[in-house]
Amino acid sequence: MWQVFTWRKDGKVSLASEATANLPSASANFTTLLKIFANNGLDLSDLAALSGAHTIGVSHCTLVARRLYNFTGKGDSDPSLNIEYANKLRTICPNLINSSTILEMDPESSLSFDSHY
């Protein structure tokens, strides 16, 4: 454990609209993410490093439900998802989503920082 200072050094005002203006959607696929990163002067290495930060932590099934069960509004799944991983997510997150169901960001090592993301 270590102390983390919580003051801001990038400004004196925080606006939610500015904070989220350049963030990709949680439902963005790889192609979209790569394009958004490129538009901000970032490359594939930057995408991997920043996405890898999700090796620690958890989310909830509601974050992935649309991609698993109703991607285009016709009861389908996102075709860009790896089918084996999508099936595994469906077992963790059944169609009748319970908003409290926890989904590990990095299955089986979500409490440690590693390179298995």
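In case you wondered, yes, glycine gets a Cβ from its N, Cα and C as well.
Unlike curated records, TrEMBL annotations are generated automatically.
Annotation comment: TrEMBL describes 1-117 as domain 'Plant heme peroxidase family profile'. For the domain 'Plant heme peroxidase family profile' (1-117), the number of residues in each DSSP class (helix H, G, I; strand E, B; coil) is 45 helix, 6 strand, 66 coil.
Annotation source TrEMBL lists substrate binding site at PRO24.
If you look up TrEMBL, you'll see HIS54 marked as heme b binding site.
Annotation source TrEMBL lists Ca(2+) binding site at THR55, ASP106, ASP114. In this view, ASP106 (Ca(2+) binding site) is surrounded by 18 other Cβ atoms within 10 Å of its Cβ, with every protein chain counted.
Sequence annotations record features per position, and here TrEMBL assigns disulfide bond to CYS61-CYS93.
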Inset, instruction - Output, ordered by sequence, the same-chain residues six or more apart from PRO24 (substrate binding site) with a CB under 8 Å from its CB, or 'none'. - result: THR32, LEU33, ILE36
Inset, instruction - Give me the Cα-Cα distance between ASP106 (Ca(2+) binding site) and CYS61 (disulfide bond), rounded to a whole Å. - result: 14
